[in-house]
Structures are given as C-alpha cells and as structure tokens.
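Participant: Before anything else, here's the structure in question.
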C-alpha cells in the first residue's frame, strides 16, 4: 500500500502517539518473550492490535476510512519460534510508514540483542545473503513487496546509519518456519533496489494492486531469478564438463540449503539460498554451474551434509540396504566432538551411555565446499502440488497460500478459487488444509502463482493429512475408470479356462502354501518344498501370474504402468491394480486354483543349486500362514500342532507335512543366508514402527517396533534366490532389453568421514567393503546392555552413506560392471516376486515368458524400457516417502493422544543447541532442543 506525501508529515501529537506505541510494543515484546502460554499470547496480541487501532485514529487523521480499516487489520508481530522464542516482524500492512519503520527497527534490534532474547548463534552472512529477495521464498515478511505499505526512497534512507543493526535478525528455527525476507516495510538492504514509489490517490492504489496480478504490473520489478540457459548451451556445457546434472535435494529443516550430488562421488555441490535454486523444487533434475572458488563455502570437517529421506524397511525382501533415501539434515560432519554431559551434567542413563556417539567433524581444518547455481530445470520431478493454508489479503484479488512444506514457495491464488465465504469469514479457514498446484513462478517474484485444487479438511486429522501427502507426491488414489474395469474378466465367478490349464505345469496336488503378514490381502508368492529320494530337496517359488490378466498395451496396462507401485499407508493400501485382481483373481488365496509363474530348483541340504526350471504353472495353496504361524513351527519343531492353532487347511495335506516343509525350508535358508554374508552381502536392518488400529475409527491405539523373525528370513532368502535367477534368465536372452536393479557402492567421501569418526571414537568398524561392514556391525560392538543400541545408531549412520538402488535397462548401460548390486554383492539382480504391487515385476514376467517361448515377445524398444525404468524409480521413491510420512503422521497422532511417552534413547549427534537421538523403544529419530542450560536431572521425552 502506498501513502500520499501529506501522510509523512505528522504533528507533535502524532509523535507522542508513536512514542507511546513504541513503549507499549517494548513492554509487549518483553512480556511475550517471558510468557509462552497460548492464551496469554493471544490476549497480548489482541491488546496490542487494539492499541495500534487507537493510535492510528489519533495520529493519521488524514487517511481515508478504507485505509484506516486496512491499518486495523495489520498484524503486529509474530512470535512463533517455540524453541528459542525469537521475535520476527510480519506484515505491517497499512500502518503509517514512519511509525512502522521505527517499530521494525526496534523489534529487529531487540531480536538481535542476546540479553533480551535467547536465540541460536548467528551464522555469518555474506553480501549475497542480504539481497532483498534472492534467498527468500514466500515468507510472512516477504509479503512486503506485495502487501506492506512502502515508504518513499528518501524516507527509507532517513536515519538508516544511526539505526543500522549490529547483527542480523535472529533466525527462526528452520524446521518450524518458512523462509525469511531481509526487508521490512519496503526498506531494502540492497541499495540497488529501490522501494516502490508512493501513490497519491486511492484510484492509483487500486490500479497498482490490479497491475500486480498481471504481467505488465511486474514489468518494472527487478528480476530476482536468472533466465534459464538455452538448451543448446546446456548440452554443450554438459559435454565440456562445465555444467553438472543431478537431482536437487533441499534440506527440509534448512530450506535455504540445497545440494546436488557430484558426479565423481566427492562432496556435494552446495546451493546457497533460494536464488541459487532458480525456482527448482525438491527432487527436480537440474543442471548446475559451479561458481568461482572465491564464492565457495568455507566449512569445518565433513562437508557432505546429506539431506536424504528417513529410512524405512520396505516389505521387499531385497531391500537389505536398498533405497536408503534419508532426508535428515545434519549428518556426521556438522556435529561437535563433545559429550552431552560436558555442557550439562545430564544423568539420564540412556543419554549418558549414548553420548559416546556424539559425532565430530572429521577434521579441525577448514575446507572449501563447491557452490553452484541452477541454470536450467532439466526435468520437473516434483508434482508442483502442496497442502497448506490460505491467508486472506485485504484489497487483493488473490489470497496467499502457505505450504506446510517450507521448501515450497508461497503461492498467490485467485480469490475465485477460494471458498465462497472466505473473504467475509477468513477466520473460519485458519485451520483448514487446502491443495494448491503451482502453475507458474515468474522470474521477478518471490511468490509462485497457482490454483486451488481441493479443500481437504481440518489440519491434524488423519484423512485430510493423508490425502495431502498423497497429492503432494502425485500418488493416484482415484477409483479405476470403467474403461479400466472393462479389461477385467466379466464372467464372475471366474475359473481357469481349460485351454490355459493344458499349457501349464499342474502343481495343484503339491504341498504349496503362503507365508505373509497376518493382515495381507494381496498374496504375491507361495512356497513348496519336498524331500527327494536322494536326500536333496525340490524347492519351488510360485509367483502370481499377473501378466496373464494385464495384457500389454491395454488401458489396464497403461494405468498400472503409470501408478507403477502400490502404496502402503498405515491404515490402507492404494493398489496398483483393481482390487478384483490384486485381492482375488491374482492373489494366491488358499484352497483356490491360481495361475502362477514358477521357478523350481533341486537343492542340496547345504543350499547348492543342482538344477533349475522356469515356467508357467497352476497351483492350489493348501494354507495361508502368517509369519507368526511359521515362526511357532520353527521355534517348536517337535510340537504337534492341532487344526485349531492354524488357519483352515486343505484336507489333501496334513499339518505335519506342512510343518516338515517349513522346517526344511528354514534349514536351507540358514545355509543360503550364511553363504551370502560370507560372500560379502550387507544387511542394514533398521527399526520399523508398526501400529495397532481401532477397527472402526482406524485411529492408532498402540505402536511397537516390528519384529524381524526367522520366518521373515526364510521367505526373504528364497525371494532373493528367485529374483537372481530371473535376472540371469532375462539378461541371457535379452541383453539389450532386460530390466534389472543395480545398487552402486556408497559415497566414498561419506565413507571416509564415517571411518575417521569411528576410529576417533575407538569403534572397530571396517568400512572398506560390504562384507567387512556387515561383520563389524554384528561382531565388534560388544555384548553389554547397550550393544544393540550402538548397532542401531551405527546402522542409521552407515545407511546415510549408501546410495539408492535403481532399475535400469541393460542396453542403456554399456559397462556390465555397473550392473552390480553392492548390498547383495551379486552381478545381476531384478524384481520378479511381487507383480501385484510392482509394475517392473510385470515387465520381468513378460520377458521371462518370451524367453521361455510361453508368451509373446516384448513390444517395447530399448528407449521405452529405459524411460519405464526411470519412471518406476521415481514412483518407488515417492511411494517410500509417502509410506514414511504416513507412519510419522500416525505416530504424531498417537503421541498427541497418549503422550508424553518415556523411552530410553541414544544420542546420535550434538549440535549447538540441540542433539539428535534414536528413541530405542519406537525406532524413531528425534531432535531434542535445549535451553541455554539443561537441567541436571533431564529426562528425554518423545515429543511430536
């Protein structure tokens, strides 16, 4: 908003009002810093607002009634940082410029004074960090360019030297707050950027507001982001090695920090600030130009700050260390080499023992980290959708959308998209979640432009939050269309056609059974085992033949390929295929004939493969067993199990026969497992949180760490064996079209830093090979009561150094050595065992059928298989993150309803005013924020 020159000249009475308000705001800020009670804070904010209104009425008598109302709507200050109680000025919209400027200076001065407000140590800022908008996206303060009243350039400079701050505004806790803008009331710290000129009339003001929503209205603005480089220049730069392409990762707790991996495996390239990202969002594939050395970042110790996603142990048996995508913020190098009780004598036993793992920098020397800037977004991987809240802006034809994820910019959305009564009753929507899609982000604006897509519901409730998560990660949870459902068998109940039976190996009389979680409804795999007369065993892995029902090129095939994977939330599953297939016709339900794709081996008792057979089969599972059922047989091999202790079983097979098959499989699996780890395989099992839910409301009633038992390991070993066998079969037949899964070795820089840290802490950890690491984690951590906790912490730390496993087309990679799977330590690997929930497995089944002359050849080209592999990688990563966020949501709701919860924890790292812990009872990582002095008898609580 602009003001006429007449408003700038005030009377002595007005000055007295300003002085009164200033003193009131001084007292207000001091009181609010001392009292954090929510009701008291609300009362103070209302009181201060009333005082501002009264002051306005006496000191600015020349303003129109409309402008006075705008002044009354102005927000005074926002004191929202719950960890360090810092004062941050927000949209002082409609307030008289001179008074607003003085108040802003006063608040900034108080925020910078360490005596008044305890805050985090200030990070040094260079001149780049003080640009008006370069490093900022859509914060409350950033609204000043569009929302706040602006002083004239002459007044903006008035007394600036005398009032110049000695320090920067104390930063908000960046895990809680959105980006900060270093400009208050239109006064720019960058002297090259002029404040908007004042307008004399209401008509001019309205026209100016209108112009701000148009392209012509932005014509006079300074360009905040660089124009993207031309495609031909990008291609030439990549070929010459002058530019680097990679996936952008934005730190979720420090949104101004972003990273792009270095192609040579060395330290990541650091992107400092919003401007350096050039409108790219998290997960986008970007092309980066490395800045000159004089602009590199000086850091101490490890410079590889990994900002990857929280780990989760997926259902897939091969994910022994695959896809350890971890979005924790500080890792290894940022931590200081101090024990917690060196700062304060914390006597909690869990903290005391855990302090041995406080992570130090690898070196006290200063190092330089390369910095860069985005020159083009090569591929937009982010969905450009977000969940968040709407904020009403007086006299604007748009509202401000504030995303929950602070890595996403704030968005201007037209009022026509908002609820009908939003303008008249904006307070009704303060806690309502909306979905917004970004449509455009101009180069001259901190804020993106977008459209509201949907109203979700109240924030904090499970279903609205879950829908927001799925939408943001582009999970298709819509119902399948009629066109898709028409591709399914229409004559129900369905039975296997006689001509199809004649083309398959009939295994319906064999003792075949499934072992799955008790709640599983999509049963992909079954097992069989019988002892032969020569003492060897015939072992079969039987996988649902989904490719029989999903015809290549059909509408059903297209939607399955687009979804690429089922998404497993805590309370439900978003299926890749219609439920008629995934829960009935394809699911290997007991006592029902089902079509399968099988691999059958002749194995010695030691697990040596003597022969192998692949082919299409038909089975009839005799029993659906849970992992607990199989575990009870493994733990009590001599026990006689009655029919009442087990699920319904076929009369063609005795319970004793089933138990013998499971025990034989268990013994062979132990041999296979021992051989794998002796050959150099690595397993980094991390704690996985599970929930017990109310059957009616689906609300969490309890949570526990999922127990990984011998029965899980049994199934895992034979699924791994089947996947490896399928990989060799399809690569042997189709060396250019096979879709396999590779896992590169870990980042060398991070491994070196972790090794140095372990050496400094006296931990005997061998990180030179996967075999050495696995042995160290299982043999070298002692046998005291905290050995298991040490192992969990080190497992988390080691996982962060791991790269993600990924699908690829063999014809797209010329070096066969790059096919290697590091965690499994095998040359070839793929996914074959879960076609109901993974589309890659469907493609592998088609390749297998073609290679065995029991199916048509694959119609896809090398380029199409390559694109398909890339798409499946993206969807798998998104699905994994949604799964993690669903678990975090339910844990938050559980703690809110039942907390606080007490648990032992082990310290993983210490920062300046916080420390990270692994909460052992729940397997979750949490950051504990400290006051200046921790109490002597501190106890850790899991707080969400």
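Here the Cβ of each residue, glycine as well, is placed from N, Cα and C on the backbone.
Just so it is clear, the model here is predicted, and its values are computed rather than measured.
Dumping what TrEMBL says about this protein:
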BINDING   516, 525  Mg(2+) binding site
COMPBIAS  187-208  compositional bias 'Polar residues'
DOMAIN    504-854  domain 'RNB'
REGION    109-223  region 'Disordered'
SITE      524  site 'Important for catalytic activity'
Participant: Relative to the Cβ position of residue 525 (Mg(2+) binding site), how many further Cβ atoms are located within 10 Å?
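Facilitator: Looking across every protein chain shown, the total is 23.
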Participant: Need one number: mean pLDDT over the domain 'RNB' (504-854).
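Facilitator: Value for the domain 'RNB' (504-854), mean pLDDT as a whole number: 93.
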Participant: Just to confirm: which same-chain residues, 6+ apart in sequence, have a Cβ under 8 Å from the Cβ of residue 516 (Mg(2+) binding site)?
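Facilitator: Those within reach of residue 516 (Mg(2+) binding site), by Cβ under 8 Å and sequence separation of 6 or more, are 523, 624, 625, 626, 627.
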Participant: When you measure from the Cβ of residue 524 (site 'Important for catalytic activity'), which residues in the chain that are at least 6 apart have a Cβ under 8 Å away?
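Facilitator: 543, 544, 587, 588, 833, 834, 835, 836, 837 - these are the non-local Cβ neighbours of residue 524 (site 'Important for catalytic activity'), listed in sequence order.
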